[in-house]
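Structure below; questions to follow.
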Amino acid sequence: MGLYVTALQILLSQPMKAAPSPTTAIRYLATKCINFHRTRAWLMPWGSNRCQQVHSFDDPLAKTLDANDIVFAVHVPLPNTEMSPWFQYMLAVLQFDIAFKMINQIEDDVVITIDARLAYRDDMTSEWTTKFHSVEQRPLRCTFAVSKTYENEGRFYHCDPIPFMELGSVAHKYFLMNLRLPVNDTMNVGIGEIKDIHVVGIHQNGGFTKVWISMKTVFSPWISVATVWYWYRIRLLARPPVLLEKVIFALGLSMAFLDMPVEWLSTGFEWTWMLLFEDAQQGALYSILFCFWIIFCGEHLMDQRQRNRLSAYWWQVGLVVFGSSVLLIFDLSERGVHLNNPFYSVWASESRTFFSYLKPHITFISVAGISVCLYFFSLCRMVYCVFRTIGGKMQQLPTMPEARRLRYKGIIFRFKFLMLATLTCAALTIIFFILNQVSEGHWHWGDYTLQVHSAFLTGIYGMWNLYVFTIIFLYAPSHKHNRKKSGDTQHTDMTDKSESQETQLTCGEQGPTEVYRITGKVAEE
């Protein structure tokens, strides 16, 4: 039944092997078709209706042709296979084979113009339906490893891969690309002697898609119910919710938003906006997580006069919001345009400035990586300060009765463990963010490639859900408190008063946990 069935059969025949890789890359050699009349008819590289071809530009027939008579045709997928909606998306990258000639060298900062067309069909007998057509320009960056002499003519340049297409949905079984390199006095001049064009097709594996959607289907009701239950508990309290509780609720909502398994519907509908929607889901979680960690540490660090005010974190939260806005604008500038033109690429922008030599995409990822690393170091410093605050309170433990001392030791130990888990989750999230940016752009990077393993992707996703559920569960108000109120109120009031005097927690402000109140009092003192 095609690529996916073949991959699935291999997976089932070796059940103890590693999980399916997230993506697959297939290399296609473009067929050089002759289009004497320069019509817009679709040219097939193989099959019963295949085009008239030239195997090499050195053939006698090819020497009689004009460059505008050549159309490079690529059929996706390979013969006897078909695409599947489970592949979710399809990327295409161009790789040029360009031979060195003394009289036809590649000029500096040259731009190649590509007349690109994409068609589809769902069976091998129907006519091709035009889907997209665009004339695009890409910078051609090539190097020649040896000296440019007559003795080295015929050797090939080393050219960077060129991002060509990003299709947000694979709703059809067969795709056909027809590419032309139009030539005139000003277009495609100084691009060297092109011998062949390779197209690398990249799509998500169907097996990984099923694993990913299944995880979302399991986690979605789990997190959604926990978030609703948490806010219900908060609303039962006599006091208004504090800032930390509001941020935890926002964290639960963002996790539930990410867990929405809308990919089930995308397998039946041609939703080209799915990549943009998935970026919005992850972006919302990143923003809330980064803000939550700052507020979570800060609320256990500040004194009572500074607590419970979002304005106390204006610059940290402001930086996170600014960074998220920049990423959103950047994403909209590329994947938003892809809804109407999948051949557009922001990576291919070529400005004759200093940044064009830095390669803007590498610069962007580098700046993003440095920024999140600085954020992590700042978070580590806040966690260290929280531990120092807790250490000040632990000095009072020897003066307490043994039962109360053991109780507060257990509370502090669990809180320290939660802080370390928070730091670990933050570190892995930042590593995932950097690797995700690099792996999404690995086909933009030339020599530098990276493949993120499916176990790491699913592991990070599971860690997020477990962490958010743990935070919601630990910081939800206890139902025991309400039962005590209805039963023996006087005894509870006397006990609470005694505990407040012994532990010096009479700060005048209530909070979600004992540690929340303890750290606030210590910071104030």
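For all residues, glycine too, the Cβ spot is worked out from N, Cα and C.
Dumping what TrEMBL says about this protein:
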DOMAIN    31-204  domain 'Wntless GOLD'
DOMAIN    205-479  domain 'Wntless-like transmembrane'
TRANSMEM  211-231  transmembrane segment
TRANSMEM  243-264  transmembrane segment
TRANSMEM  284-301  transmembrane segment
TRANSMEM  313-330  transmembrane segment
TRANSMEM  362-390  transmembrane segment
TRANSMEM  411-435  transmembrane segment
TRANSMEM  455-476  transmembrane segment
REGION    484-513  region 'Disordered'
COMPBIAS  485-500  compositional bias 'Basic and acidic residues'
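Each of these features: where is it, how hidden is it, and who are its neighbours?
Proximity of distant same-chain residues to the transmembrane segment (243-264), defined by a Cβ-Cβ separation under 8 Å and at least 6 residues beyond the stretch ends, is recorded for 88, 209, 212-213, 216-217, 219-220, 223-224, 226-227, 230-231, 234, 274, 277, 281-282, 284-285, 287-289, 291-292, 295-296, 299, 307-310, 464-465, 468, 471-472, 475, 511-512, 516.
Away from its own ends, the transmembrane segment (284-301) comes close to residues 242-244, 247-248, 250-251, 253-255, 257-258, 307-308, 310, 312-313, 316-317, 320-321, 324, 375, 379, 382-383, 385-386, 389, 415, 419, 422, 426, 429, 433, 464, 515-516, 519-520, 523 of its chain (Cβ-Cβ under 8 Å, at least six residues beyond either end).
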Any contact between the transmembrane segment (211-231) and the transmembrane segment (455-476)? By contact I mean 3+ C-beta pairs closer than 8 Å, pairs at least 6 apart along the chain.
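Output yes: the transmembrane segment (211-231) sits against the transmembrane segment (455-476).
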What parts of the chain pack near the transmembrane segment (313-330), using Cβ distances under 8 Å and only residues at least 6 beyond its ends?
280, 283, 286-287, 290-291, 294-295, 298, 346, 364, 368, 371, 378
